[in-house]
Amino acid sequence: MLEVNDGVVSAAVKQQCQKLAQRGNTDICDACPRDGSKTTALATSKKAKVKDVRLPRSLEPLYYDLELQPFMYSGNVDEFSFRGYVSIVLDCREATNNVTLQANKLMIIDGTVTFSALSSTTSSVPAVTSWELDEERQFLVIHLDEEMKVGEKYVAALNFTGPLKDDLHGLYLSSYVRGDKPVTDQGIDWVADVFETTPKMSTYLLAFVISDFVNLNATTSNNITYRVWARPESIGQAHYALEVGVKVLTFFEDYYKIPYPLPKQDMIAIPDFSAGAMENWGLITYRETAMLYQPGVSSEGDKQRVAVIVSHELAHQWFGDLVTPSWWDDLWLNEGFASYMEYVGVDFVHPDWKMFEQFVAEDLHNVFDFDGLVTSHPIYVPVYHPDEINEIFDRISYGKGACVIAMMKHFLGPNTFTKALTNYLRERKYDAAFHNDLWAAMTKQSQMDGKNLDVKAIMDTWTLQMNYPIVTLTQIDKDNVKVTQSRYLQDPSAIDPGKYESPYDYKWDVPVTLTSSVERHFNQTHGHVHWLWKSAEEATIYLAGQLPDVSDDKGWIMGNLGQHGYYRVSYDHRNWKALCAQLSTDHQVIPPINRAQIINDAWSLAKGSYLPMEIALQTVEYLQNEMDYLPWDVATSELSYVDTMLSRTGLYGDFEKFMTSKIQAPFSKVGMNNTGATHLQSYMRSLLSSKACYYDDSSCLDNATTLFRQWMADPAKNPVDAGLKGTVYCTAIRQGGLEEWTFAYQQYKLAQVAAEEARLLTAMACSSHIWILSRYLELSMMHSEIRKQDALKVISSIARNKIGRSLAWDFFRANWPTIHSEHGGSFFALSNLIGSVTSSFNTEFDLQQLNDFMAQNPNQGSGNRAFLQAVEKARSNIAWMEQHYSTLKNWLGKLSL
């Protein structure tokens, strides 16, 4: 960087300063000329919700020259602002008399909107007559007095200004320390940074940060400069992100067979950041919890979060940055691929973490729940309005996108898949792509490799219609299995709103794998795939001599091995009971992934009344013998739903006894001493400790409260293992009172590690005192106390507390205007909050409250789909209670005898 006023400045910087001053940036330094330019807000008008929000194709932007100057030294944060200048070289493709640009929440400096020809030889140049803002479409429209000529190149330019706020959007302000006071402009010297021209790229991938952060750096084996940036006091926590980043970037270069296209890769941890991270090309921005890791303070879960998000964002440097979707309706080409490739990258760095086992629970089962609703949507979804763009940043675009990519990789085989990816990226690099471009590359490579699959025809059934199938396997005899399919819905009685009609009548091209108690071949590849085509009512799979005798009550068949397919599997009742018997006698005959699958499929099928609840209950009766993490993770997820449904009923005490009976034995084996544990052992211990304390296991409660008391006695020495902090903090605050809560709040304010802040923030919502929770809710809206990015996490965490559910819902309703105003533009935050505060609704009274609120607040913006899904889930919960309460009462009654 070069100081502007040191008397020894380069000609380039002098020229840059003069340009800034001439274009209205009069305060860059004392030497700049001042022209007294005034600013005027663009005229806006309130219009009905529009549909056509895509820019006209008449002009193609070729080059942007952008200059920005922030003003944040006045001493009054309310006066902070920025000024900017942009000139855009445009190629005229169709004759038109206006220039339409995207602009949002900006003001234009009077008299600075200009239009000229790029070449001096252009005979006639249109003049600007007026300009206006179409606020609903977020368009700036510049009107000209005549049409531009096709084939000519022109330059549109303007100066603009805007407020510099802490709203987490656009160019915004982030304070290093909560409650920081701004500095004044005394003694401030202006600095002009001039950057190299970027490669051809999408404008949404541009980012810049003005800070006094410091960095750690390395150079990859392919000579890429790699830097990680953070606050000076936190930079020591960035070593792991740098280590992972260098390894994953180099791995992806080899995996894609395409070099990283930039000379450097920067990553920066931002104290105030709305999302988890953003894949800006060459400058990836992160929330601090997503990039910083401190051994001894951060847990194994925190470490994995950093690795996964770093890998996700680096995958975007190819999928999204080098090749960008043509429009937001193909967002999944960005997020689905990055969400799958994050596992590939981390598995390369940490193969012992069994990332693809975790993929089943973290992505597949997670999105199954969401995609079982009639208010779901296809992966490829039309987008007509900015609110709809925010809405599709959801589990379908991310999770389902990742799952169908994993399925495609499995039925094509990894070699065909990776070669096709390389060809796709090479063909579309520095350009936009449509999903058919990907299918064409996959089909071509499939044919070259002798598989002869029409990948487009197959994958269209998974991307152009919502939901997914139940694949039912029925053994006919000792050699044959019949395969059929039907649409899965959590609530089959739900009325489909018809927003997204299925072009295939909810039939899919399904890649089927299966084995049996005779064969036990679970590790099957693409060569073992059988197909159930959408055009067929059923298929028969011939497996000579590999099936049990149909009269053998202990013999079973099992499908979707490794859960590579995006579908649920069901069987006749005899086969289900045989699988449950296998779990009870020797569960290790079936791999952990498929044990988890049995539990998840059975409980989900029971939720939709496709399977008796008694069979679902049998799948968890063996849990006291289970010592693998994945089945326990899936089982506790399913049983947490039962916990939520029964928590306000007279059955809850019996359910608590059942959970205690299943947790006690494995918890006593793992205990609360994490010394020497592997990554997944640490996960298992954290999970079991959390559930043991939640269900009031006496040894867990004693350990947790004792450890927390020791910390209170000596705050400088925290005795709690990082992997157990969440459980210990929550338990001690739940069992304690104001003293414990206040201590936690003080430690939250003093925390120097973002992951520790996040744990304490969540734990403080565990209090069993209503008045404390009410006060905490009030604090969540005081951004001098709790960062704006964390406010909704407080409300969501309190909503998950049985005591705090109604408080959170009441607070949400009372503060909806503020919540919507501050977080309505966030991709996930608002929809996640809506889901959290309504997830326990299972009575007609709950549903009526939700419907009344929606009627009173019709302007839901990007939260609209989340509200509709909340209504559907509430109805599904009501149906679940009506259908299964008596069964659970009888079953739990027998266990308690």
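Backbone N, Cα and C define each Cβ position, glycine as well.
Residues or ranges marked as active site, proton acceptor by TrEMBL: E313. Mapped onto three states, the DSSP output places E313 (active site, proton acceptor) in helix. All chains included, 27 other C-beta atoms sit within 10 angstroms of the C-beta of E313 (active site, proton acceptor).
Around the Cβ of E335 (Zn(2+) binding site), the number of neighbouring Cβ atoms within 10 Å comes to 26. Under the DSSP three-state reduction, E335 (Zn(2+) binding site) is assigned to helix. Positions annotated as Zn(2+) binding site by TrEMBL: H312, H316, E335.
Secondary structure by DSSP for the domain 'Aminopeptidase N-like N-terminal' (61-180): 3 helix, 59 strand, 58 coil. The domain 'Aminopeptidase N-like N-terminal' annotation in TrEMBL covers 61-180.
Residues annotated as domain 'Peptidase M1 membrane alanine aminopeptidase' in TrEMBL: 240-462.
Taken from TrEMBL, the feature domain 'ERAP1-like C-terminal' covers 556-875.
What TrEMBL records for Y398 is site 'Transition state stabilizer'. Long-range Cβ contacts of Y398 (site 'Transition state stabilizer') within its own chain (separation 6+, distance under 8 Å): W332, E335, G336, S339, D363, V367. DSSP assigns Y398 (site 'Transition state stabilizer') to a helical segment in the three-state reduction.
Using the Cβ center of H312, H316, E335 for Zn(2+), the list of other same-chain residues with Cβ within 8 Å runs, in sequence order, E279, E313, A315, F319, G320, N334, F337, A338, S339, M341, E342, Y398. Here the domain 'Aminopeptidase N-like N-terminal' (61-180) has a mean pLDDT of 87 out of 100. Other C-beta atoms found within 10 angstroms of the C-beta of H312 (Zn(2+) binding site) number 26, with every protein chain shown included. Its Cβ taken as reference, H316 (Zn(2+) binding site) is surrounded by 24 other Cβ atoms within 10 Å in the chains shown.
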